[in-house]
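Trainee: The structure that follows is given in the form of structure tokens.
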Amino acid sequence: NGTSVKEFILLGFPGTWQFQVSFVMVFALMYALTVIGNASIIALVWRSSNLHTPMYFFLCNLSFLEIWYTTGVVPKAIGVMLGTSQTISFNVCILQLFFLLSLGSTECFLLSVMAYDRYLAICYPLRYCSLMSSVLSVQLALSSWLGGFLAISLLAFLTSRLTFCGPDVINHFLCDIDSCLALSCSDTRPVELATFLISIIVVVASCVVTLVSYMYIISSILRIQSAHGRKKAFSTCSAHLSVVTIWYGSTMFLYVKPSAQNSLDLNKIVNTFNTVITPLLNPFIYTLRNKEVKLALGRAFQKK
């Protein structure tokens, strides 16, 4: 691939040793809670027959994705902050970039599919079971995974063809597209254009599907006569709406922009939120704002 630099040095976060150790403890705790929380949702849905619906099937896919998404970041970030694993080879760097961007794209598609599912459930409640069959739900989930990974394949290939002559220091705790473009000594305009176009296709298109779905959902809820009925209808999608707002806000800041080479320090902060904090928040949002999940949790503890 014409690369003279064979490995990069990840800087992580600046600060004293005590600051780094405190960051490591926070990252390790959040990672443990993320894995436990998302794995608990998968186990709960698997064990509770009343949760065997398309909505919770998609939620299991999202939880499974979040486990791998944060796993692709946190262990390496901890090694970087401790100073035991600050180098990363070029091939592993491209692999991490491909893995994280593919999972991020898959999450965009999954969230739009979940919004469409809520649209059918609220706007067509009597026909919901026939419209959102188990076969269709599996097809939508599989399409989200395939679409997410295929969309990033071209971008990862173009990035792997860039030439890196030095410096070899990445001001980050992971390999992301902005950092790679900032270090490349070859023409990065094709990669920047591909990043922008893929971001438009993946992020903006899935966000539009989500927004349109919620426009119909809100319109349908407002036509419900009773206040109790409106509250019940909104409660079925409030958790998903919270996750959508958090995810798309940070993702659009990172990727939907004509030029990728700016605000690397700010990108580091937003990436921390996207890859570490958001996967931790999702299981808590869905359990605290979803009555069915709380009831299933209560029954699971009562059985024990």
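Here the Cβ of each residue, glycine as well, is placed from N, Cα and C on the backbone.
Caution: TrEMBL annotation is automatic and unverified by curators.
Pulled these from TrEMBL:
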TRANSMEM  20-44  transmembrane segment
DOMAIN    37-286  domain 'G-protein coupled receptors family 1 profile'
TRANSMEM  56-74  transmembrane segment
TRANSMEM  94-116  transmembrane segment
TRANSMEM  128-158  transmembrane segment
TRANSMEM  193-217  transmembrane segment
TRANSMEM  238-256  transmembrane segment
Trainee: What parts of the chain pack near the transmembrane segment (20-44), using Cβ distances under 8 Å and only residues at least 6 beyond its ends?
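Mentor: Residues 12-13, 51, 59-60, 63-64, 66-67, 70-71, 74-75, 77-78, 81-83, 276-277, 279-280, 282-284, 286-287, 293, 296-297, 300 contact the transmembrane segment (20-44) from elsewhere in the chain.
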Trainee: Could you give the residue numbers and ranges of same-chain residues that sit at least 6 residues beyond the transmembrane segment (128-158) on either side and whose C-beta is under 8 angstroms from one of its C-beta atoms?
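Mentor: For the transmembrane segment (128-158), the nonlocal Cβ contacts are 54, 57-58, 61, 94, 97-98, 101-110, 113, 116-117, 120-121, 177, 190-191, 194-195, 198, 201-202.
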Trainee: Do any residues of this chain, six or more beyond the ends of the transmembrane segment (94-116), have a C-beta under 8 angstroms from a C-beta of it, and if so which?
Mentor: 55, 58-59, 61-62, 65-66, 68-69, 72-73, 76, 88, 140-141, 143-145, 147-149, 151-153, 155-156, 159-160, 174-177, 180, 198, 202-203, 206-207, 209-210, 213-214, 237, 240, 243-244, 247-248, 251, 274-275
Trainee: Could you please provide the mean pLDDT value for the domain 'G-protein coupled receptors family 1 profile' (37-286)?
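Mentor: Over the domain 'G-protein coupled receptors family 1 profile' (37-286), the predicted model scores a mean pLDDT of 85.
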